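Taken from TrEMBL, the feature compositional bias 'Basic and acidic residues' applies to 174-183, 307-317. Here TrEMBL flags 20-136 as domain 'Response regulatory'. The domain 'HTH luxR-type' annotation in TrEMBL covers 221-286. Taken from TrEMBL, the feature 4-aspartylphosphate covers Asp71. Here TrEMBL flags 158-226, 292-317 as region 'Disordered'.
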Amino acid sequence: MTVTRQMPSTHQTPSTPPTRVVLVDDHPLFRRGLAELLSEGGLFEVVADFDDGTDLLDALSTLAPELVIVDWQMPQLDGLTLMRHLKQRDATLKVVLLTASDDSRHLLDAIQQGADGYLMKDTDPERILERLQAVVDGKLGLEEETLLLLARRLQQDHRQREQHSQAQTQKQQHKQEQEREQTEAPPAAANPPPGSTLDGAAALNRPTTPDRPTTADWPTTPDWYEGLTERERDTLKWIGRGLSNKLIARELGISDSTVKVYVKNLLRKLNLHSRLELAAWVYAHPLTPVSDASRAPAADATGAEQDTTRAEKESLR
């Protein structure tokens, strides 16, 4: 069943056209209340609402929404699957997931697969409007509590990866030590020939296998931010504040493509998968003070520009 509506605004029409919104939720009462909330301020226009995502996919090209708000749990097509289909059809479409669950696994899945926002259904109406407008402006639609939940999840995953890495390193060192012991082990004892100089004193002076290294001997990992350039730290700072690539480029006085290079480098260096994870990482690991962006070394930006140029040349080959 599909309900399509044009919600009249009770406020004065803003100077810019309202954002075209589609709602998908299998609870009619909640769907109706959210539609009325969005239509009150004149910033949003609810062009349609659905109780099933399949109907939206059939009508997507006709409706041409700019923002889709999706319930996480629906009986036929769940919100995460629907979001993937929507992003495949239109990568610029903003998709925000609404849920009553505070399961951090759901949150992490949504962010890794490209959600532009993740809001709890019990969020204050005013905050819902603020977060949705932030998404329209190119920022992240996350509440502080949700961001904290994500940060804790990322910290937990990071600790598990570190523990696994240390266990693998220890296992490899132990294996190498065993192989070295077998290689350096003396042959089976035999009676020395007459006149041999291998007496008891010489045997005692033979080199012995060194002790296995302790954890104190393992190489230490520097603080995570020490491997970042100053421009990358500036970029990460603005990502943590919810800015899009275009807004970051404006703040730093560089091109969008250069910002993309920095974001790609940050994901690789911090072993993360999305800019939302980067934002949560900043929340969980505050940056050390960095110099003002306007005073950042130009050489760093030049290097990134060169990387961008090389990447563009490669794509043309």
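Each residue, glycine too, has its Cβ placed from N, Cα and C.
Within 10 Å of the C-beta of Asp71 (4-aspartylphosphate) we count 23 further C-beta atoms, all protein chains included. Mapped onto DSSP helix, strand and coil, the domain 'Response regulatory' (20-136) counts 56 helix, 27 strand, 34 coil.
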